[in-house]
Amino acid sequence: MSGIAGTSQDTSVAASASSSSTRPAAASSSIAPPSPSLTTAPVKEQEQDDDDDQENDDEEEEEEGTAAITGADGLTAKQRKKKKSKAAAKLRKKLGLGGSPTDASEGKLLASGSSREGKISDEVVSQVQRAVQAEHGSVAANAVTKANLAKVMAMMNLERDAMLKSQDSKQKAQKAIADHKFWKTQPVMKPTDAPVVKSDQEGSIEASVPPEQVRQEPYPLPADFEWVMIDVDNEGELKEVYDLLSANYVEDDDATFRFDYSPEFLHWVLKHPGYQKTWHIGVRVASTKKLVAFISGIPHELRVREKSYQSTEINFLCVHKKLRSKRLAPVLIKEVTRQCHLTGVFHAIYTVGSVLPTPVSCSRYYHRTINAKKLAEIGFSAIPHNMSMEAHVKRFELPAKTNLPGLREMERRDVAQVGKLMRRYMRRFDMAPRFSDHEVEHILLSGRGEACQGGRGRKGQVTWTYVVENSEGRITDMFAFYSLPSSILDSDKHQSLNAAYLFYYATDVVFQGDCDCDSDSSGVCDAETGRASTSQPSSERAVALAAGKAAWQCNSLTNLTSCELADEARVAAWDSEPAHIKTALKTRLNLLINTLLIIARDHDFDVVNCVTVMDNALFLQQQKFGPGDGFLRFYLFNWRTKPVAGGMGARPGEAELDPVQAYARSMAKRAAHTDDDDVKRLAEQLIRNAAINPAEVGSGNGIVMV
């Protein structure tokens, strides 16, 4: 479980900085199901690439002046340059990227949608026809011609340009944030850093230190304000946080929707197992004691590829609208960082929509219409041209009832099985949380609410979790979603958008043929509960702490028991699974998510939202999710690593915003000007992976931000 934090558009510098902000589902006319990408749009080079170009130009000037000088390899500088150029061209040709300026210009012309029909070869038309026939049959394939293919490409280019223009305007408004001196002083990856090439280069940017080396006094606040620790078990104080967020928290760009966090939701998120009361920080007006700002952190164990560490998720950064000129947000960030350091945690994860130094992953929001009529009435989605409301509603109809044998709500007796299934499934991703059984019970069951007498549903329910149990009593699948409504700020007819957000899911189809997937992975597990025996050490970290080791010295030690840790053994990575496993996974996930949509409809949700993390790309199109105009960027505080694929690239223009794509371009440039075999191999691998449609493989990001 991850947190959201953020503020409205005009919140000062660091209001976005350390906030984990999933913005409210914004109104979007692009709610229609996505079309498969037919071509790769030309990619804009980023500022870092421009810097590289300048450096390369300088190198070329030097080479001209020293062309006659022979090196140890017997070649002149000019000959070496020519050799490297040929090698780069060979690499590009091998990867299907085009080998000459002519190839590049042809690609740009085709991708622009303005090309004449003659620019589209018969081979391209045949390839598209075969792809369409495989998905939609021969009738649809026969309709593919050069003329309508050119029109489709033009439409895709319009979508790409509109999306990039929207993102560009937002980025200009946020440029002051990214350039602010605050980030220059923080242990975060910078655009000017050398790219991470080897695994041993991944890790902490700054070392952990003992508490006595951490600042002991709170950071100073402007006059008339004072710090306060919020007790979330105190109903009055929790209500104050709720009121502050309700009136001042994240809105969409058009100020039409605002998240409406319930007290039950806040209780569920903020009281994560192992939470620290000192990480729930508020600012009051000294004279009136009115709460005017808040920030919080949630403890989690985070795994990034092969390394795991204790971290904090920064959430709910909010400053009262009337006080945003006081620059409270940067001070809030520094204070919550100080409090985390005092308790021995020196790493964090946070998300925002804007680009800061430096995203480790980026994903896009998708929305699945449930109540089509209401969404159209409030401006959340648009009815396609020349389509009636009745036809629009019919597009999103779902089956009358679920049809999945063994489906039922999750119960506490399922925690051990669900925990094991989740740990195995999440181990597939490059970046993911590590949940103990205790945490699984909290995130999936503690938000169930209380049963309503004589009625369906539960009072204060936040989470809905379901499992699929086979005839042998084994849980083969699980999925969950949570409720996060948004207030509608400009509608006379509707006051609330009842939104469900896709949470975690897992299925055992990815472990076909794995003889260990159905049995305990360790002999220390209790046969009845599946948890570690009480006679065994609880976890590496717990043992170290019990032995007197300080918390700051235990950041790399796991909270998982030996039994739980063994659940992650021998699991293939998401991008190395064979095609037949991906096919089975796609089929199963489409069935599970379709079932989830029916349940969401039956509980009166208007829309189901998600981002392109986990394996979501495998079902988005078939389940009629449409792309929104929001993007969620993931950031790691005090951790250096290669970017993580966030499921971007299926839609026009997404590649330009993807950190993985930018990293691949950067490494390709570097590979063309180096003899380092490691760099060349990594560049080739990155470029090849970047060309794969995420709808075929999913993503490497296993984090769901709440």
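Placement of Cβ uses the backbone N, Cα and C atoms for every residue, glycine included.
If you look up Swiss-Prot, you'll see 1-119 marked as region 'Disordered'.
Here Swiss-Prot flags 7-42 as compositional bias 'Low complexity'.
Positions annotated as compositional bias 'Basic residues' by Swiss-Prot: 78-95.
Note on Phe182 (tetradecanoyl-CoA binding site): other Cβ atoms within 10 Å of its Cβ, all shown chains, come to 17. The feature tetradecanoyl-CoA binding site is assigned by Swiss-Prot to His180, Lys181, Phe182, Trp183, Leu317, Cys318, Val319, Ser325, Lys326, Arg327, Leu328, Ala329, with similarity to another entry given as support.
In the three-state DSSP scheme, Val706 (active site, proton acceptor) falls into the coil class. If you look up Swiss-Prot, you'll see Val706 marked as active site, proton acceptor, on the strength of similarity to another entry.
Taking Cβ-Cβ distances under 8 Å and a sequence gap of 6 or more within the same chain, the neighbours of Lys326 (tetradecanoyl-CoA binding site) are Pro222, Phe225, Val319. Comparing CA positions across the binding-site residues Phe182, Leu317, Leu328, the one lying closest to Val706 (active site, proton acceptor) turns out to be Leu317. Each of the recorded positions Leu317, Val319, Leu328, Val706 was scored by how many other Cβ atoms lie within 10 Å of its Cβ, and the smallest score goes to Val706.
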